[in-house]
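This report concerns only the one structure given below.
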C-alpha cells in the first residue's frame, strides 16, 4: 500500500476543526487513573516479563506472592526504585562507607533496570550517547557495544551493576510502596508495602518496612500513559502499549524482534514521540500495512549510530584518565546548554544531535540564559536548526504532503527532541501511510479499528506509543505514593503553595527523606548524570550526619532536615534565576515543559519555585561541591536521639 492514494485526503483533511493543544491534557489519563478505560487496559498493569513460578527470595524475579523474611522489615536506608537511579544511590552509599546490610531496595518490577526493565519494544535504544548515559562504566570496566546501545544491553548493564555490588540480595522486586509516614517518636519512616503476582487467583501480601532514611529513586518513564480513547470497549482487535509489548502476538523477542506474525496484519500506531520514532521503522519492516496516527509531529533529528571500536575507545575515551566518564558527561552538558558556541574553549566530545541543539538550553537552564541577548540568540539558532531539519525531511520523504505533515515548526525547546537514523525514510515504504490529525487526535475506536473524522481505518492491532505519565512535580506524586511527614502533613499539601527545599533534595517537615529534584535542582538531558550527582550529594549528607564519637557504636537515631531559613533561602535563590526559563512560556499547553505541566492555574511566584536551577547543571554541581567542602552541613538541622 502506498502512503495513501490521495495523501491530501488523509493529512489534515478532517471535517472537525483543529483543537488547541490545551485540550490534550484533559484527554490524557494514566493507567490505573480514574479515567482509564480499565476493561481493555487492565493487562497493562501486569508484568509480561515474569516467567518462573518458584518461591521468590529477595532479589528474585518470580511471579508468586510472598511474605518477606523478617530481615527485610527494617532497613537503615530504604531506596524506592531499582532502575539506574536506585542502583546509583545504592552504589554511592556503599562507597561512602555504608554496608550492604544497611540498604534495602524495593521495586514493583520483576528485575533491575527501571524503564529498561519494562520497555522491551522493537527498536528500543538510548538516544543519549551510551558512553555517558550508562552509569558506572568506569567502575564496571564495561565497554558499550555501540554509541547508542539497545534496550537489552541497557537492562543487562543494570544487572551487571547489581551483580558487582551484590545488590540482588538486598532488593525486593514485585514490591510496591504505597505510603510513607514519619514516626517522630521513633525517628523513622514507616513504609506500607505490598507484594503482588500476575496470577490473579493468588492474593498479594501487605507489610511494613521501618527505615531510618528513605530515598525516592523512581524514574519518570515507567508508568505508561494512554489517551482517553472513546469506543475502546467496542474495538475487537488487539491493543497494547509499547511499554507492555506482546511478542506472543507479534512474533519475535526483545533480543531478536523478528515480528513475522505481523506480515498479514494491518497495524496502527498512535503517537509520534520518542518511543514511536524508534518503533515505527521496526513495525514497517514486518507489518502487512502500517498506519501512523499523528496528533503533532515529533521533533526528530538525525542520529548516526556506530559500533564501538576498542582501539578508538582506548585512545580517545579512556585517554581522559580517572573520572573520564564524568568529564565526558560534563562536556556534553556544556555543549547542550550554551548557544554561545564560540565561547566554549573545548572540543565537542560527543558530537551528536544533542550537542548540535544548544537552543534546548531554554528548557534546561544555563550560565548564559539570563543574559539580555540570550532569547534572541536562541531563537536565531533554533530557526537555523528548523530550516536544516525541514530541508532534510523534504529531501528524504518523496510525497510533499507527507513531508509537510512530518515537519515540526515549533521552537526546539518545547518538545523533547527525538533522534533516529531512518525514521523519515520509513514513510517512503509502500506499506506505510501517515494520518495527520492536527492538534486533535483520533475521533474514536470502532469495532474494526480507528475512526478519524468520517474515515474508518480497519486494524488488526493498535499500538499505543503514547509515552509515559510524568505526574506532577511534587516528589510524592511523581513517585505515586502518599507521604506524610511530621504532624501528619502530606507532602502534597506542602507542595501546593510552591516547594521549598535545600538543594532540591530535601524539604523541611519530612526528615531523613531524600529525592532527586527536579524542582530547585540542576537538570540536563542525561538523567543518569542527574541521578549520580544527587546520589553523591545525598550519600555525603547521610554519612556525615552519623555521630563520630565512640558512643556511636550503638547507632543512635538521627533526624536530618533543612532549617526553615535555609530552605526558604534556597527557594528564593531558585526564584531569582527562574527568568532563565522565560522562553518556555512560548510553548503550548501540550508541551512537556514545566510551565505547561503546571498550567495557567499556578501564579508566577509559585511557578518560579517549581523551576529547576536556572544557571544550569554545571553551576548547580559546583554549589553542591563547595557546600560539601565546608563540611559544616550548613542549613541542615541534625538531631540525635
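Each residue's number is its place along the chain shown, starting with 1.
Heads up, the Cβ atoms here are built off N, Cα and C, so glycines get one too.
If you look up Swiss-Prot, you'll see 115, 116, 117, 118, 127, 128, 133 marked as FAD binding site. Residues annotated as NADP(+) binding site in Swiss-Prot: 125, 126, 127, 272, 273, 274, 275, 276, 277, 278, 295, 296. The compositional bias 'Polar residues' annotation in Swiss-Prot covers 48-65. Look at Swiss-Prot and you will find 1-69 tagged as region 'Disordered'. Summarising the annotation, Swiss-Prot assigns site 'Transition state stabilizer' to 416 and lists similarity to another entry as the type of evidence.
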Residue 125 (NADP(+) binding site) and residue 116 (FAD binding site), distance between Cα atoms, whole Å: 9
Between residue 117 (FAD binding site) and residue 125 (NADP(+) binding site), the C-alpha gap once rounded to whole angstrom: 13
Densest Cβ neighbourhood among 116, 133 (binding-site residues), 10 Å radius: 116
Rounded inter-Cα distance in Å - residue 128 (FAD binding site), residue 416 (site 'Transition state stabilizer'): 12
Site extent for FAD, whole Å (max Cα pair distance, 115, 116, 117, 118, 127, 128, 133): 19
Largest tally of Cβ atoms lying within 10 Å of a Cβ, found at which of the recorded positions 295, 416: 295
Distance in Å spanning the most remote Cα pair of 125, 126, 127, 272, 273, 274, 275, 276, 277, 278, 295, 296, given for NADP(+): 24
Rounded Cα-Cα span from residue 118 (FAD binding site) to residue 295 (NADP(+) binding site), Å: 25
Pairwise CA distance, residue 125 (NADP(+) binding site) versus residue 133 (FAD binding site), rounded so that it is a whole Å: 11
Packing count at residue 117 (FAD binding site) (other Cβ atoms within 10 Å of its Cβ): 25
Candidates 115, 273, 275 (binding-site residues) - the one closest to residue 416 (site 'Transition state stabilizer') by CA: 273
Position of peak Cβ density within 10 Å, selected from the binding-site residues 118, 125, 128, 273, 277: 118
Nearest-integer angstrom distance between the alpha carbons (Cα) of residue 273 (NADP(+) binding site) and residue 133 (FAD binding site): 20
Cα-to-Cα gap, residue 133 (FAD binding site) vs residue 275 (NADP(+) binding site), nearest whole Å: 17
Conformational class of residue 116 (FAD binding site) under the three-state DSSP mapping: helix
